[in-house]
């Protein structure tokens with residue numbers, strides 16, 4: 001039996017195998033597993049508070065806004081840091097930044113686990129989000145660099161469903177760990193479990209990820225980073241806090257200013273690029289129809305994914321008094337359906353854009369069935385009644401997530417990879433934060449603790465989700481009919 005041992009040092013991305021054509025990175029599939037594990041760890045933590053939030057609120061204190069802020073603070077930090085993280089990957093090397101982010105994410109996960117107040121928990125979540133922003137944008141760039149054109153579609157096709165499953169699997173994991181109550185830790189183990197997982201990811205990443213030196217001559221656009229971060233913060237803050245404050249004038253003023261700052265950021269990037277200076281977002285990306293449509297679609301799909309997970313968790317726990325474990329178990333059919341559909345990824349890939357569009361419609365249909373089920377069952381809801389809607393939603397989510405990344409990243413040039421990766425991930429995180437903020441606000445704006453207000457709250461929030469998915473279906477027509485098979489080869 002032949003035994004293949006890991007290399008003593010990672011192969012660099014610039015080592016040619018032959019004079020004619022560079023060989024693919026030898027350990028690319030093992031490396032893909034490692035970076036996807038890191039991405040999954042981050043995404044799990046972005047969604048665990050939809051189940052762990054109510055328990056954390058009871059333990060740490062704080063108002064209803066704490067549940068939203070445990071997610072929104074994390075996501076907002078991610079949004080503010082992703083463009084910077086992507087650019088730092090260009091400057092210092094993607095392997096180095098992935099390792100830095102993974103180490104920091106592991107440490108700050110432990111900080112969340114030992115939090116003793118709402119303030120310390122939120123502060124630790126912000127730090128966690130910032131380190132996640134150093135790690136996550138390297139994932140797409142590494143995939144694009146490690147895999148040849150003939151394999152990139154398969155690699156991206158695997159990435160999408162894994163990420164989607166992590167978003168939904170987070171609540172299930174949180175509920176299971178809270179219910180298990182290992183060593184009397186309760187919700188704290190939800191974050192503490194990242195310690196052994198994170199250490200394993202760091203060790204394997206150091207061994208398997210390809211070395212790249214980065215570009216020491218590149219510069220970080222500090223002003224652009226400040227504009228993008230400020231615009232994101234000014235958009236999300238009033239969406240989360242506006243309802244509790246009674247929607248004062250300042251909340252609408254902040255939203256208006258955020259839109260102005262986003263516009264100023266865009267103009268500033270165009271001007272810097274025209275003057276030959278380094279930018280966070282390369283303007284040429286926005287001349288690509290697939291990329292533009294993909295950004296809008298990313299906001300819509302991630303808003304729906306994150307928002308519906310939050311609303312279902314709130315409905316089951318706060319409204320129907322399910323335990324965290326029971327609420328998580330009720331969502332298992334979604335994860336099962338999503339995982340099962342992933343197995344048909346190669347077969348579905350040949351349908352190109354049709355797969356993504358059908359997935360959006362199936363997801364919308366599944367959410368509609370969930371809404372009808374909640375209405376009809378009322379206070380007598382039993383977990384198995386949710387199976388049809390959850391399974392249809394899971395199938396749809398796997399279909400559109402499986403085709404999304406490859407469709408959007410096709411046509412991106414080598415010099416645009418870092419910028420494209422950071423921009424795409426930033427917009428997705430902004431969409432998730434937007435979904436949590438808007439749907440959370442819609443839910444708490446109606447929920448008053450009784451069954452009637454619960455049904456009204458879920459009806460509005462899930463109804464908005466269906467509308468978002470239908471709009472996403474329409475936007476999906478901006479993507480190419482077939483994913484490219486001649487993407488940038490590995491260099």
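Just so it is clear, glycine is given a Cβ too, placed from its N, Cα and C backbone atoms.
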Which one of 386-405, 406-425 shows up in TrEMBL as transmembrane segment?
386-405
Output the single range from 66-85, 97-116, 252-270, 386-405 maximising the number of Cβ pairs under 8 Å to the transmembrane segment (122-143).
66-85
Pairs 6 or more apart in sequence, C-beta under 8 angstroms, 3 or more of them: is that satisfied by the transmembrane segment (426-448) and the transmembrane segment (252-270)?
no
Using a Cβ-Cβ cut-off of under 8 Å, list the residues of the same chain that are 6+ residues beyond the ends of the transmembrane segment (291-316) and lie near it.
46-47, 50-51, 53-54, 67, 71, 75, 164, 167-168, 170-171, 285, 322, 326-327, 330-331, 360, 363, 367, 370, 374, 381, 393, 397, 400-401, 404, 407-408, 411-412, 420, 423-424, 427-436, 438-440, 443, 447, 454, 457-458, 461-462, 464-465, 468-469, 471-472, 475-479
What stretch in 97-116, 222-240, 252-270 has the biggest tally of Cβ pairs under 8 Å against the transmembrane segment (66-85)?
222-240
Using a Cβ cut-off under 8 Å, which residues of the same chain at least 6 positions beyond either end of the transmembrane segment (222-240) come close to it?
65, 68-69, 72, 75-76, 79-81, 83-84, 87, 250-252, 254-255, 257-259, 261-262, 264-265, 268-269, 272, 279-281, 426, 430, 433-434, 437-438, 440-441
At a C-beta cut-off of under 8 Å, are there same-chain residues at least 6 beyond the transmembrane segment (322-344) that contact it? List them, or none.
51-52, 54-55, 158, 161-162, 164-165, 168-169, 171-176, 178-180, 187, 309, 312-313, 316, 383, 386-387, 390-395, 397-399, 402
